[in-house]
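Q: The feature [2Fe-2S] cluster binding site is assigned by TrEMBL to C133, C138, C167, C171.
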Amino acid sequence: MSITNMLTRLSLPSSFLSGPIKGSLGALASKRMLSDALFVHREKDSDVSSFTFDAANKNRADAILKNYPKEFRSAAVIPLLDLAQRQQGWLPLKAMNYVADYIGMPRMRVYEVATFYTMFNRTPVGKYHVQVCTTTPCMLRGSDEILQAVKEACKGDTNFTVGEVECAGACVNAPVLSVNDDYYEDLTKDDVYHIISELKAGRKPKPGPSEASGRFSCEPAGGLTCLDTEPTGPGFKVRNDL
């Protein structure tokens, strides 16, 4: 659904739709990779004929359920959906229905969870799901160039699915992208081309900050400026005799 159609369905006045806001929303939609499919699910019956956990994942699912009292089995819906996605590669309706029946949860409740969290892929993705953070901190650190480099490096290769995400939660290491479960941080365009070429060669590049950043994790790039002495012991400034 386009932004204009969405606003029309909200019964907003025509002056709102024809004014400057419409133009700005259109510019936003064209610049960002906004997904019209985010809150809907479209799937053919032929996409996936059936779904059940394989033997190994059935054991994992049983172990997950043991963490919850019987009356709270529905709390396992997120880890079980994640398990189903790891097995199938994405979350078709057959997998959602299977998880719902497996834990005795209404199917609609499972659909609500699967459509709310964007980490659940409701369309097929490639072997490598590359997600580039383009929220403000990453944007200020050059995420637009990173995204363009990813698109160029992955173009025409169906093993890769490329998309944008909102805040990957690693702002201090911006710009950042993830490949499946791994984060690659403090990126330059050269880092992107290296990461993608390594994946294409069947190798796994080292996750974390780029080597050029000189960082091990999320410490200050210029070194520590505080908390650089040995920590004090228990009771510090609590009692004079300690």
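Counting begins at 1 with the first residue displayed.
Note: Cβ is positioned from N, Cα and C throughout, glycine not excepted.
It should be emphasised that the depicted structure is a prediction, and the values quoted were computed from it without experimental measurement.
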Q: Can you list the residues of the same chain, besides C133, C138, C167, C171, whose Cβ falls within 8 Å of the [2Fe-2S] cluster site's Cβ centroid?
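A: Surrounding the site, in chain order, are T134, T135, T136, P137, S143, E166, A168, G169, A170, A174, P175, V176.
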Q: According to DSSP, collapsed to three classes, what secondary structure does C133 ([2Fe-2S] cluster binding site) have?
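A: Assignment for C133 ([2Fe-2S] cluster binding site) reads strand.
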Q: On a simple 10 Å Cβ count over all chains shown, which one of the binding-site residues C167, C171 is most densely packed?
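A: Sorting the candidates by Cβ neighbours within 10 Å, the top entry is C171.
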Q: Over all shown protein chains, what is the count of other CB atoms within 10 A of the CB belonging to C133 ([2Fe-2S] cluster binding site)?
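A: A count of 28.
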Q: Reduce the DSSP letter at C167 ([2Fe-2S] cluster binding site) to three states and note it down.
A: coil
